[in-house]
Amino acid sequence: MTGEAFTPKRCGLVGGGVIGAGWAARFVLNGHDAVLYDPSSDSRARAEAILTMARAAWARLMPGALPPEGRLLIAATLDEALDDAAFVQESLPEIETLKCDVLGRIDALLPASVPIASSTSGLLPTRLQAGLRHPERFVVGHPFNPVYLLPLVEICGGAQTSDETKETVAAFYRAIGMQVLHVRKEVDGFIADRLLEALWREGLWLIEEGVATTAELDDAIRYGAGLRWSFMGTFLTYRLAGGDAGMRHFLAQFGPALKLPWTKLVAPELTDALIDRVASQSDEQAGGVTVRALEGLRDEALVKIIRALATVGPEGYAAGATLNAFIARNAGKATDEGTVAADGTLTSWHGTVSPDWIDYNGHMTEHRYLQVFGEATDNVLAVIGAGRDYVAAGHSFYTVETHLRHLGQAHDGMAITVRTHILDADAKRLHLFHTLTKAGDDAPLATAEHMLVHVDAVQGRSALIPESVATAIAALRAAQSALPIPEAAGRAVVMPRRP
Ligand SMILES: NC(=O)C1=CN([C@@H]2O[C@H](COP(=O)(O)OP(=O)(O)OC[C@H]3O[C@@H](n4cnc5c(N)ncnc54)[C@H](O)[C@@H]3O)[C@@H](O)[C@H]2O)C=CC1
Ligand SMILES: C[N+](C)(C)CC(=O)CC(=O)[O-]
């Protein structure tokens with residue numbers, strides 16, 4: 001086990017329900033093979049269905065490059081799932097005796113170096129690891145549903161868990177796009193579920209007392225606090241509620257409310273009558289919409305929220321910052337983006353058409369082409385040594401002219417690629433021609449021709465291209481010397497007339 005470098009090719013999964021299958025999807029989408037063991041007869045169908053949903057969600061979440069997928073394999077036995085596994089994630093039902101029994105068997109079958117993580121929502125790791133031969137490699141990795149979209153994972157070690165295990169597993173989870181919250185002090189329910197349970201308990205009490213229905217309770221969250229929780233949580237939000245004086249004033253004003261009776265509610269008895277009432281109100285609330293359809297709605301909303309948060313501030317905010325960091329780490333890994341092939345082909349952008357890029361005509365709307373071509377230009381500039389650091393140091397290239405042609409249609413979810421030909425360059429100018437195609441296809445869907453001028457951004461005027469960048473441009477042009485000049489290069493916008 002070695003910190004950041006831990007990239008298990010093969011991950012064993014024990015238990016393939018809602019959570020196990022969700023983990024399998026996240027592993028596969030990150031390029032790891034997931035070998036899943038679950039004795040239930042529908043485990044394959046469920047895992048494949050969840051992978052399909054996850055794949056669709058990721059294509060929308062990250063229209064940029066994704067790592068090449070790993071394989072989803074279904075094992076017939078526990079031994080088969082663990083064979084050659086470099087990491088194991090246990091997602092059995094929340095029954096301590098069952099978990100202890102199966103974890104003991106997993107521990108006996110695996111070499112001591114393989115970390116074992118449990119998805120338990122609240123069982124104490126010290127108790128789960130007690131009977132293991134190698135308790136130091138056991139840790140809780142508690143995810144949130146849907147595992148393939150929500151970044152949070154709580155890591156909680158037991159008394160015998162080694163720091164190395166916690167760090168190794170945390171680094172692995174980060175590498176697959178998750179936000180790790182270390183639970184420093186072992187406690188039932190860890191951190192997040194204690195908060196969720198407090199709200200859930202109050203909700204059950206309000207239903208029992210006839211104060212509100214399941215639908216009203218959900219409205220109480222989703223039209224108000226739920227929106228702000230998704231990026232600020234409770235404490236930052238309440239800091240703002242305290243005005244300029246912040247949390248101290250908030251506590252002075254609302255702290256005394258802790259003594260009022262409504263802050264001390266207890267959990268209601270989960271009687272058959274209460275269960276019936278909650279279940280039937282929930283059925284009525286769902287209004288016949290299936291669980292599958294609700295999951296689709298949930299995924300669509302989560303993708304859009306996380307993508308929106310990714311655009312807040314310079315680096316994205318909350319889950320949006322996690323997404324941006326993940327995309328940056330994976331940039332260029334999956335595809336040949338930014339690379340020059342032996343024949344001089346420069347792949348400058350690769351990604352997937354996002355649903356919010358589609359217009360009323362049912363295909364990718366025009367300004368998104370300019371966005372993609374603009375990002376392709378940025379990638380070309382990075383290749384020639386004029387990327388972000390270069391701009392931060394005071395120089396840049398500005399686009400002064402663009403000619404876009406729309407030749408075909410890009411549709412929702414389509415993987416698309418941009419290739420760039422450097423047509424010309426001189427002491428101050430760079431002349432680019434981009435061609436956008438469906439990935440793996442040669443037929444252009446759109447092209448863009450741009451003239452860029454090198455500038456001294458501090459002085460606010462054009463400037464000579466420095467030697468290092470000019471040399472990189474010359475090398476690229478030499479590599480592309482055998483490429484045919486695109487037939488549309490230099491074309492103006494004209495309306496052809498019949499003779
Ligand atoms: N459902 C949720 O929202 C969350 C659940 N968790 C935790 O994840 C774990 C799994 O929960 P879910 O996936 O919701 O439960 P689930 O009931 O959907 O799945 C459990 C799966 O384990 C399988 N299983 C039973 N005995 C087995 C055995 N001996 N070997 C292999 N597989 C076996 C079952 O066939 C079932 O498919 C629990 O510890 C739970 O607390 C964590 C986060 C969220
Ligand atoms: C209900 N639950 C305790 C299993 C929930 C979780 O553990 C996390 C989640 O996804 O809400």
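The count begins at 1 with the first shown residue.
Cβ atoms are placed via backbone N, Cα and C, with glycine included.
Summarising the annotation, TrEMBL assigns domain '3-hydroxyacyl-CoA dehydrogenase NAD binding' to 12-186.
Annotation note: G15 (NAD(+) binding site) sits in a coil segment as assigned by DSSP. Taking a C-beta cut-off of under 8 angstroms and a sequence separation of 6 or more, G15 (NAD(+) binding site) has the following same-chain neighbours: Y37, D38, E90, S91, L92, P93, S119. TrEMBL lists G15, G16, G17, V18, I19, G20 with the feature NAD(+) binding site.
Mapped onto DSSP helix, strand and coil, the domain '3-hydroxyacyl-CoA dehydrogenase C-terminal' (189-257) counts 60 helix, 0 strand, 9 coil. According to TrEMBL, the feature domain '3-hydroxyacyl-CoA dehydrogenase C-terminal' maps to 189-257.
Cβ-based crowding with a 10 Å cutoff singles out I19 as the top-ranked of the binding-site residues V18, I19. Other residues of the chain with a Cβ within 8 Å of the Cβ centroid of G15, G16, G17, V18, I19, G20, the NAD(+) site, are L13, A21, G22, W23, D38, S91, S119. A C-beta separation below 8 Å, combined with a sequence spacing of at least six in one chain, links G16 (NAD(+) binding site) to A24, L36, Y37, D38, S40, S43, R46, A47, I74, S91. Cβ packing within 10 Å was compared across the binding-site residues G17, G20, and the lowest neighbour count falls to G17.
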